[in-house]
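Below are the structure tokens for one structure; questions will follow.
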Amino acid sequence: MTHQQTLPTTAASFLMAGGGTGGHVIPALAVARELRSRGHKVFFVGTQHGMEARLVPPEGFEFKTIEIGGLNQVSWNQKFATLSRLPITTLKCGRSVRDASAVFSMGGYVAGPPVMAALVRRVPVVVMEPNAFPGFTNRVIARLVSRALVSFPETAAFFPKGRTEVTGLPVREEFFRIPPKARGDVLQILITGGSQGSRTLNHAARQSWPLFRNSGYPVRITHQTGTGSFQEIRDAFAQSGLEGEVVPFIADMPAAFAAADLIVCRSGAGTVSELAAAGKPSILVPFPFAADDHQTRNAQSLERAGAARLVRDAEMTGEKFFEVVTSVTGELSRMGTAARQFAKPGAAKRAADILEEVARP
């Protein structure tokens, strides 16, 4: 299945590789929009089952599908099936790569075949690694790429010296426009576990409500639960005696960030980058089953910068929630400043600049 776009005939051509999750697709789309605004042709390679199949076509970009699966956290039968398909899938990608001026990879299993095809054909490859610890695909190709763009300073050690730059991850401009918030008498806490919600955060937050109520600690809670636990958590919150609201999802996340004094959340690369852009202090609870435990590495990086506190998933109880929230309230201004200093604005523009620099005629 191919979705066509109308673009200038003189445009350079860039292939965007990487998908499976929103964390891979959304930053790639930001770079793709920037390239398109400069008059270039941009097309994506992905699978029919990944997030890219839902997000890319509505943006008007050409979208070519391949058959490939992941190698992390799957059975040996699935690994064998993926590896057996790899040669033919890479060969098919060669046809798409042939006319590309350069390939942009966000990593992830979807990026493997087009990147390998590009390397064989000596097409320049620019890779963007969103996490503090690179994913499997980016680790494999690390020394072969033309340029590497990373979000965390420590990640540069995995890529060639002199060809690596800390650009940050593309983040919506609305997050950068959030002004510093003066703390009022009531601590505004935002709890979000992502679009699906987090069982750990939902459970710990619910257990903490009696502690906040009994202590008289002034808080107002906005809790995004995901759809599965929404009714249960909302009913429990209604009996808590606390101010706030429980919602299944948040459509305008920049507005929710702007209203918060403190954010309690997971530590995916996109979330960490949004926290930094918004200058928001946070309590980070890494998802323990993320590939290579990359969320813990992301959280550790922000904690070292003084912008966050890390709490392990297994340790996040109601008591721990209450303890950590009350212990950081005197540090929120300093943490927010540290978060904003961690941010890297203009990541999509810088990525587009570098792609133009390395593009072959």
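The backbone N, Cα and C atoms fix where each Cβ goes, glycine too.
Annotations for this protein, taken from Swiss-Prot, read as follows:
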- T21, G22, G23, N131, R172, S195, I250, Q295: UDP-N-acetyl-alpha-D-glucosamine binding site (BINDING)
Report the largest Cα to Cα distance, in Å and rounded to a whole number, among the residues T21, G22, G23, N131, R172, S195, I250, Q295 that the record lists as binding UDP-N-acetyl-alpha-D-glucosamine.
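That value is 24 Å for the farthest Cα pair.
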Here are the binding-site residues: T21, N131, S195, Q295. Which has the lowest count of other Cβ atoms within 10 Å?
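Each of the binding-site residues T21, N131, S195, Q295 was scored; lowest Cβ tally within 10 Å is S195.
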So if I draw a 10 Å sphere around the Cβ of G23 (UDP-N-acetyl-alpha-D-glucosamine binding site), how many other Cβ atoms end up inside it?
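Step by step: centre on the Cβ of G23 (UDP-N-acetyl-alpha-D-glucosamine binding site), count other Cβ atoms within 10 Å, giving 24.
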Given a separation of at least six residues and a C-beta threshold under 8 Å, show me what packs close to R172 (UDP-N-acetyl-alpha-D-glucosamine binding site) in the same chain.
P254, E274
Would you mind checking how many other C-beta atoms are within 10 angstroms of the C-beta on G22 (UDP-N-acetyl-alpha-D-glucosamine binding site)?
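So the Cβ neighbour count for G22 (UDP-N-acetyl-alpha-D-glucosamine binding site) comes to 18.
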Under DSSP, is G23 (UDP-N-acetyl-alpha-D-glucosamine binding site) helix, strand or coil?
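It is helical.
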Sequence gap of 6 or more, C-beta under 8 Å: which same-chain residues meet both conditions with respect to I250 (UDP-N-acetyl-alpha-D-glucosamine binding site)?
T192, T222, Q224, A256
